[in-house]
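Enquirer: Checked TrEMBL, it gives:
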- 16-42: transmembrane segment (TRANSMEM)
- 49-67: transmembrane segment (TRANSMEM)
- 120-254: domain 'Palmitoyltransferase DHHC' (DOMAIN)
- 167-191: transmembrane segment (TRANSMEM)
- 219-239: transmembrane segment (TRANSMEM)
Amino acid sequence: MAPAHVLRCCQRVLGWIPVLFITLVVCWSYYAYVLELCIYTIRSDTEKVIYLVFFHIFFILFVWSYWKTIFSCPANPSKEFCLSKSDKELYEKEERQEYQQEILRRAAKDLPIYTTTATNAIRYCERCQLIKPDRCHHCSTCDVCVLKMDHHCPWVNNCVGFSNYKFFLLFLMYSLLYCLFIAGTVLQYFIRFWTLCRSKSEESCPQNELPDTRAKFHVLFLFFVSAMFFISILSLFSYHCWLVGKNRSTIEAFRAPSFRTGPEKDGFSLGFGKNFCQVFGDEKKYWLLPIYSR
């Protein structure tokens, strides 16, 4: 028992390493963009102000949505899906699977459940000892059943599901905008560095041509890192936009949910508009903000 507990504690600590990595990259990007580029390199005050204002808008929205994705607790099934003490004792004593299913069917007859296993059986979590609601799955990393589970994301060290899927999508979107803005505004200085300043001394380097070696280093890496993250996140964000339009989770995209009539890949789809509102809510003013909305 003790080794398993120690292993789980180590797993929880190690789970924060990807989050720490992202945090360090973001902190460096803030320093490099605000200080090295805007404060020390750009000469035009107007350009400085415009860049800094838009940068901080994207930065705040990005950090806010990332924070909400990380620290929103996964939504778990309510107590009504747990077996009663008597049913639990009967289930544990019964060795025959068909009789276990009979106990589960009796317990689930008044529950709002429409999905089954591939063999048309009641979906039951042995670990959490509860009847799984529709679209609920057990996360082996978090060791809990998560409502409308999409996947466990190591970059946020959390399960992405019903409670934070909107925040996760906004995190991807603002990550894209953050990287795109940095790459787009840094590009002109990146090009000047390569085309005009490679063979020139610091004294003969034209105005705004990054005469400082440290600034050159930061601009070079700002462009490459932001472009790299933009390309990698773009495909993931596009995929999740497609999932939202179909009202599917990542798990359901790979394995269609089974109903009593059989597997149906679009079993939860209500049309694009309603599918979108199921994730972002009905109040349009909150769609682009990482806050709960109905």
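Glycine residues also receive a Cβ, built from the backbone N, Cα and C atoms like all the rest.
Those TrEMBL annotations? Automatic predictions, nothing curated.
Keep in mind that this is a model prediction, so the values were computed, not measured.
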Enquirer: Where DSSP helix means H, G or I and strand means E or B, what are the helix, strand and coil counts for the domain 'Palmitoyltransferase DHHC' (120-254)?
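Expert: Helix (H, G, I), strand (E, B), coil: 71 helix, 16 strand, 48 coil.
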Enquirer: Compute the average pLDDT of the predicted model within the domain 'Palmitoyltransferase DHHC' (120-254).
Expert: 89
